[in-house]
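Feature annotation from TrEMBL assigns domain 'Molybdopterin cofactor biosynthesis C (MoaC)' to F:16-150. TrEMBL lists F:L75, F:C76, F:H77, F:M113, F:E114 with the feature substrate binding site. The annotation active site is assigned in TrEMBL to F:D128.
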6 protein chains.
Amino acid sequence: MTYTPHFNQAGEAHIVDISDKSVTQRMAVTEGYIEMQAETLKLIVDMAHKKGDVLAIARIAGIMACKKTAELIPLCHPLSLTHVEIDLEPELDNNRVRCQTTVKTTGQTGVEMEALTATQIALLTIYDMCKGMDRGMVIQSVRLLEKAGGKSGHWLGD
Amino acid sequence: MTYTPHFNQAGEAHIVDISDKSVTQRMAVTEGYIEMQAETLKLIVDMAHKKGDVLAIARIAGIMACKKTAELIPLCHPLSLTHVEIDLEPELDNNRVRCQTTVKTTGQTGVEMEALTATQIALLTIYDMCKGMDRGMVIQSVRLLEKAGGKSGHWLGD
Amino acid sequence: MTYTPHFNQAGEAHIVDISDKSVTQRMAVTEGYIEMQAETLKLIVDMAHKKGDVLAIARIAGIMACKKTAELIPLCHPLSLTHVEIDLEPELDNNRVRCQTTVKTTGQTGVEMEALTATQIALLTIYDMCKGMDRGMVIQSVRLLEKAGGKSGHWLGD
Amino acid sequence: MTYTPHFNQAGEAHIVDISDKSVTQRMAVTEGYIEMQAETLKLIVDMAHKKGDVLAIARIAGIMACKKTAELIPLCHPLSLTHVEIDLEPELDNNRVRCQTTVKTTGQTGVEMEALTATQIALLTIYDMCKGMDRGMVIQSVRLLEKAGGKSGHWLGD
Amino acid sequence: MTYTPHFNQAGEAHIVDISDKSVTQRMAVTEGYIEMQAETLKLIVDMAHKKGDVLAIARIAGIMACKKTAELIPLCHPLSLTHVEIDLEPELDNNRVRCQTTVKTTGQTGVEMEALTATQIALLTIYDMCKGMDRGMVIQSVRLLEKAGGKSGHWLGD
Amino acid sequence: MTYTPHFNQAGEAHIVDISDKSVTQRMAVTEGYIEMQAETLKLIVDMAHKKGDVLAIARIAGIMACKKTAELIPLCHPLSLTHVEIDLEPELDNNRVRCQTTVKTTGQTGVEMEALTATQIALLTIYDMCKGMDRGMVIQSVRLLEKAGGKSGHWLGD
């Protein structure tokens, strides 16, 4: 029968054998959003102009989570990272913050999972810091935007 | 000026002082979705009937991530958990899997962040195991559904 | 159908709900062995008389692993520990080292898994430090000896 | 005096210097067993035919622990892994489950410790999930079966 | 012979048995400094006025490390925390940054180690972010200032 | 405006892109001290002659912390290590213990942070084990002594 590559012929999960894949530079870009009330977003923007920068803390949380991806996602290969960048942009017209994460490595497998994990945890950290005033915030549209390097080549989302 | 409680009067982030909050039973329920192509969802459902159960692995990943919440979310209090349950339901009509997580503790602070983290990582694990065939999957609508216990009392999302 | 308590009625794994269990003092004792060549054991004993104390390092590794049990065993409740003690005894007549671990907590669930994890990792650390001279070492008979506290009361192995 | 390589000339533990070892493909295979009552094994086999697959969860726990080896074993080098496979086989005639783990890397040191750790934690996870009905289960004969790559070449256990 | 309490009568390290200590509110305050060139300190202060706030990131790093204390210090008891606050103050006259950390818990043992760990890692994070321009920075005078709660009562450093 | 390299042009923290740096052997040496009362130091020295070796445990703690550096320091690249050595020397004339750490890697970035982290945690572990008799111990002069490898070449502290 057909399985995804994360299962062997017996249908048992394993960490896929990448011993013979070549070491190349690889990159992934992901995005996601957190929607909130207008006042919540306004407070985030106001605070950042003074000292209490929610977005700066969310960025650090995302970067640190990115390094923990292989601990969180069971079948992910542990790997080194050569670059992590997280951009958090308040979108006042849409009452949301957009998160875009770029991750690079030089290795035998891709970094989509690392970039998605960073995006998720950065957005969750915003939730944590603002939940006292706005429990109804929603995380939306977390997805891969772009991927490069390795045998599967360049991939661009819609 | 006004800050969220995660900042002190000087605008500096801290772990909020909960020394004087009472120890009560607390509960949180969260949900989220991962949308995918019809064939991807069909494969997940087919595999589960045999041996390769993507959803069972995602459930374990979510449970284990739940226990790591305070490591991931900078200002979260570390706490014990008395119950974690993750339900993953394929929705064939909507081409998506729904994740609902329930977390309980007996302590001085709530478990929303634990339940959201579990939901996020369970959904991400589905992405990881199916990404080889469907890179365009999207995580949607991750949010708190319900919360009970503690001074703020019962809260129900819309 | 019948399941172990780690599965709900739908056959899905969860962290069992212990919200209503009482907080009591709990204790567990485990043991295990690592068998090796006579010369390997002799070197371990000789080194301990000087500076290179393999057993002291294995003891620390076991203690630190004990604190990571809930990270390693998927459905274990995270909990505090009030005591961890690891005894490593060379048995020259049997060409092996015996490990006995005692763990205590005050909480809503037992500490067997914590004590077993400590025993396993202490023995593995001995393997690591001596594997250069004796790859054929074998870890044997890791088991629970005694357990006290909680509803199930006192339990003694054969 | 003589020490194992994990100690320097002063008898102090260190992480051995492998800077000048060559990067090669390395592999290790380990095994171990957990013995139990006949009814316990029967339940594990029955549950796997329905939904509650203890062995699938143990396999994931072993894979995730494998990635934590350098955190658990004090003098282990942190390294990348290119493959992890865990096979768990019920042996009805012997009232036990056999675990065989294969780990590969491309690096400067071997992966025996990673494979042993995965085997230990997979077996412990079985213990955890069945301990409610059978506290007397025993983990037996955890050992290295085979090792390849690096200067010491191929090694096969008895 | 005399040992510190972290060793049993046989001279073997253990996690001290606190099962019978009472649960009380406990608090610890620590301080430490990082000395640097005048220009380095000036850049830190300048950057904080704009967006690149080294001290805010160091604060988050210290808070997150605080939660990892029991993973880092072998014989520390794992415990919950009810408050963590880190104050980082540039001292322009002394070419250094002062770090003061306050930690609270409600439990059976103190939080000095948690507060010291937070101070150390906050200071190290400053080192990391400024090392490109000033490799000679020195961390100085990391110590306990005050401790309250538990049997040993209130303690104040000189 | 001017930022350190850990911030991008928008003043946002990131993990610096090292994709194009060459893989070379890199090394760092750090030192630090813990000052204590004369009787405390005497006890440490006495205990080491028997079984309770505080310094051996501190050495292991430092080595294990070294492997956790990228988890602790937010913008550190995760990397492999090829050697870690920690020397702890009691200085009876100065009532202190000196810690010197050497770390090596083969990679795209340096290991100063790893060596500093190991030094800090080794010294903190001494504090932990002796704090019952001497709460006033102080950690002093933690700094980089030497660094080699990579584009910035050899660096020697004063």
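Glycine too: its Cβ is placed from the backbone N, Cα and C atoms.
Caution: TrEMBL annotation is automatic and unverified by curators.
Shown on the structure are the features that TrEMBL records.
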{"residue": "F:L75", "record": "substrate binding site", "Cβ contacts under 8 Å, 6 or more apart": "F:H6, F:A13, F:H14, F:I15, F:V16"}
{"residue": "F:C76", "record": "substrate binding site", "Cβ contacts under 8 Å, 6 or more apart": "F:I15, F:T69, F:A70, F:M113"}
{"residue": "F:H77", "record": "substrate binding site", "Cβ contacts under 8 Å, 6 or more apart": "F:I15, F:V16, F:I18, F:A70, F:Q108, F:T109"}
{"residue": "F:E114", "record": "substrate binding site", "Cβ contacts under 8 Å, 6 or more apart": "F:A28, F:C66, F:T69, F:L79, F:L81, F:V84, F:V103, F:T105"}
{"residue": "F:D128", "record": "active site", "Cβ contacts under 8 Å, 6 or more apart": "none"}
Structural state of F:E114 (substrate binding site), classified by DSSP into three states: helix
Span of the substrate site, taken as the largest CA to CA distance across F:L75, F:C76, F:H77, F:M113, F:E114 (Å, rounded to a whole number): 13
Recorded positions near chain E, Cβ-Cβ under 8 Å, from F:L75, F:H77, F:M113, F:D128: F:L75, F:M113, F:D128
Within the domain 'Molybdopterin cofactor biosynthesis C (MoaC)' (F:16-150), residues counted as helix, strand or coil by DSSP: 51 helix, 44 strand, 40 coil
Packing count at F:M113 (substrate binding site) (other Cβ atoms within 10 Å of its Cβ): 27
PLDDT averaged over every residue in the domain 'Molybdopterin cofactor biosynthesis C (MoaC)' (F:16-150): 95
Chain A neighbours, restricted to the recorded positions F:L75, F:E114, F:D128, by C-beta under 8 angstroms: F:L75
